[in-house]
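Enquirer: Just dropping this structure here.
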């Protein structure tokens, strides 16, 4: 954590030093750092700052996160504009000024907000760096309107940022190298970590919401400056700011899912679509003299989606819900203006977005750090809903826990279904075959239907939803290809046959998804089935056989089903119980999946989960647990009924007997005299590790309290025993005692490498699963025959993750000893 802070602070110092050198040398005929080179370097540093901001711990609510992400977005847009200026794209007098002013104005205010919160909440060094960067941006902004100020003042501001960032980074490095013995004033990591845990983490505030709100200020500033006359026109030079804001908001959308904030993540996904659409509108006049046309249906539907999301977000935070209503107004203003973003009405609403974003960002910045929060109305909503017996908000640490196991991400189905609604209305946009790019459809289809749905599919896959993720990813690819082909002018003259073949292939894939959705629920079946209507529309349009009105019917069918799924996903993520029914599976399977299971799925990262698994084992249950290799099925040695149950559930083959695991050799200390010195020393040298040792059965088995369980473990002549090299497993054994182990799959099948596979393979025969995600290794342990070790010989029943040579080397070292 200390080194990640150093990366961010050194990146800030390096970028500020580059800018200081650039402005000091500006009066010269040839600057020391050319614009193109400076732009490329700033882009590299912006990626470094983004990495530092993302890698910061979610539990540490330092202002370094918004500072790094804000400066990263600023330098990204700034760097692209410098590259464009250096390559002569912004050739007209005043183009560079018009391009830079919106970004400079935004980040002057944004960094000032960060600085104010830093001073108030006790982070003076970071606050000083943010204040100096804000002052430098303000000086540069003034320099564009009055040359009397001179670039030296701008350079001085960047130099202060460089010195403060270098000081803070030096403090973190010294703290890390001296292991906490040396800490510079204001850079004490232990103190800040304690402050972060006592202040920000207690409130559960999303630390990435504030940078996303500051990015909304950036996009709004482009149109505010035009309305207020600070810039002369909207043109290509403003596109880097808009697309940088859109790109970073998609990233913050993902980070908000990591912070388990579904509604805010969805909101940033929505606003990123607007940023890309605005950038597309400003980019189009670069090669065509006229302004692009803006289809109204998209914006009407988008305003409805924003309004519904604002309603649900008001239940979580009324301030954030009211804030989203400004975007509802924005979409309506755009729909009512034929010129879209170029009209004065939407630009007036952009001023309101700028002001509202600044105020709400200040609230989020303060609430993340401060112990005493600014009230956002959440308590009043909870008190109001507490009187209702119908609606109860979802709360608690397991709010977004998936059905099987756990995930680092909240559910993204809300955003994916909303994007389906938006993309479906692309069918109703006719477009001009001679000028397909003149209609603003690509941002809605490619960004909403494609990129954001890919994001939703990836998150669904991370949550163990295989079918849902496959459907989202397939549909995303379909929308991207069709959108670029249809509205990007890529059809060409011989489009019919090749496009039709590709669409038919997609329809075959989708037919498999429709079939699989029969086993999921009714809502997903109709969702995948109505997408077939969309694919048929693609096919008919490609071969010039599209009947009049079919595209509107397909849009309405798929759009309404997607909208219902959007509402159902929203309600299920907000309220306890399913408020909107999605139906059960149309085809019921017997066995696994036939009704609700009683099998618990508990996250392995929690000590309370390990304790619950231990209680289940002590009470005679069988559980699937992660290990240092693959997942295994375990039972307590002192519960013969559980061991017998595990034996039956596995359909254990006689040539693959169950093995015995302990957590330490101390558990065998009372029986040490029953082992030969060479065998004992070999066990001591080999463990803990993924090496199972098959040793002669003897009286030592009785010391482990196995009693009647012994007949199910090993063979009459030998027993396989091991100490696993996994802290979760050994802690469980410490709580329960020695355990009997077998692989978590029916005999003869492949090893189980994920917690979802345990229940899929064993069904209700397992009482609980400790979920640790993918196995660290896909290979089982090495099984060594030690029954004749005293004669100097060992054999191998199975060579697994530990190679034979390494085992022989351990034996050789023990023999020498």
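Cβ coordinates are placed from backbone N, Cα and C, and glycine is handled just like the others.
According to TrEMBL, the record shows the following:
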TRANSMEM  7-25  transmembrane segment
TRANSMEM  31-51  transmembrane segment
TRANSMEM  63-87  transmembrane segment
TRANSMEM  99-120  transmembrane segment
TRANSMEM  208-229  transmembrane segment
TRANSMEM  262-287  transmembrane segment
TRANSMEM  348-368  transmembrane segment
TRANSMEM  409-429  transmembrane segment
TRANSMEM  435-455  transmembrane segment
TRANSMEM  467-485  transmembrane segment
TRANSMEM  497-520  transmembrane segment
TRANSMEM  552-570  transmembrane segment
DOMAIN    607-802  domain 'YrdC-like'
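Quick one: where do these features end up spatially?
Expert: Distant neighbours of the transmembrane segment (7-25): 31-33, 38, 41-42, 45, 48-49, 51-53, 55-56, 64, 67-68, 71, 75, 129, 133, 136, 140, 151-152, 154-156, 158-159, 161-163, 165-166, 168-169, 172; these residues of the same chain sit at least 6 beyond its ends, with a Cβ under 8 Å from one of its Cβ atoms.
For the transmembrane segment (31-51), the residues of the chain that approach it from at least six positions outside its boundaries are 7-8, 11-12, 14-15, 18-19, 21-22, 24-25, 68-69, 71-76, 78-83, 85-87, 248, 251, judged by C-beta separation under 8 angstroms.
Away from its own ends, the transmembrane segment (99-120) comes close to residues 63, 66-67, 70-71, 74, 77-78, 81, 84-85, 90, 126-128, 130-131, 133-134, 137-138, 140-141, 144, 214, 217-218, 221-222, 224-225, 230-231, 235, 237-238, 240-241, 354, 358, 361-362, 365-366, 369-370 of its chain (Cβ-Cβ under 8 Å, at least six residues beyond either end).
A Cβ distance under 8 Å defines the sequence-distant neighbours of the transmembrane segment (208-229), meaning residues of its chain 6+ beyond its ends; these are 53, 65-66, 69-70, 73, 77, 101-103, 105-107, 109-110, 113, 238, 241-242, 244-246, 248-249, 252-253, 255-256, 259, 261, 264, 268, 271, 274-275, 278, 341, 344, 346-348, 350-351, 353-354, 357-358, 360-361, 364-365, 368.
Sequence-remote contacts of a segment are chain residues at least 6 beyond its ends whose Cβ falls under 8 Å from one of its Cβ atoms, and for the transmembrane segment (467-485) they are 413, 416, 420, 423, 426, 441-442, 445-446, 449-451, 453-454, 456-458, 460-461, 491, 495, 499, 502-503, 506, 509-510, 513, 516-517, 520, 524, 527-528, 531, 535, 538.
Residues 301, 305, 308-309, 312, 411, 413-414, 417-418, 420-421, 424-425, 427-428, 523-524, 526-527, 530-531, 533-534, 536-537, 578-582 of the same chain, all 6+ positions outside the transmembrane segment (552-570), place their C-beta atoms under 8 angstroms from a C-beta of that stretch.
Per-residue pLDDT, averaged over the domain 'YrdC-like' (607-802), rounds to 85.
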Enquirer: State, in range form, which of 63-87, 262-287, 348-368, 409-429, 497-520 has the highest count of Cβ pairs under 8 Å to the transmembrane segment (435-455).
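Expert: Between the stretches 63-87, 262-287, 348-368, 409-429, 497-520, 409-429 has the largest tally.
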Enquirer: Who are the chain neighbours of the transmembrane segment (409-429) in space, where the CB to CB distance is under 8 Å and they lie at least 6 residues beyond its ends?
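Expert: Answer is 253, 257-263, 265-266, 269-270, 273, 295, 297-298, 301-302, 305, 309, 400, 402, 439, 441, 444-445, 448-450, 452-453, 455-457, 459-460, 462-463, 468, 472, 475, 479, 483, 487, 527, 534, 537, 551-552, 554-555, 558-559, 562-563, 565-566, 569-570, 573.
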Enquirer: By Cβ distance under 8 Å, which residues at least 6 away from the ends of the transmembrane segment (63-87) in the same chain are close to it?
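Expert: Distal contacts: 5, 8-9, 11-12, 15, 34-43, 45-47, 49-50, 52-53, 56, 95-96, 99-100, 103, 107, 110-111, 114, 117-118, 121, 123, 126-127, 129-130, 133, 207-208, 210-211, 214-215, 218, 236-237, 240-241, 244-245, 247-248, 252, 365, 369.
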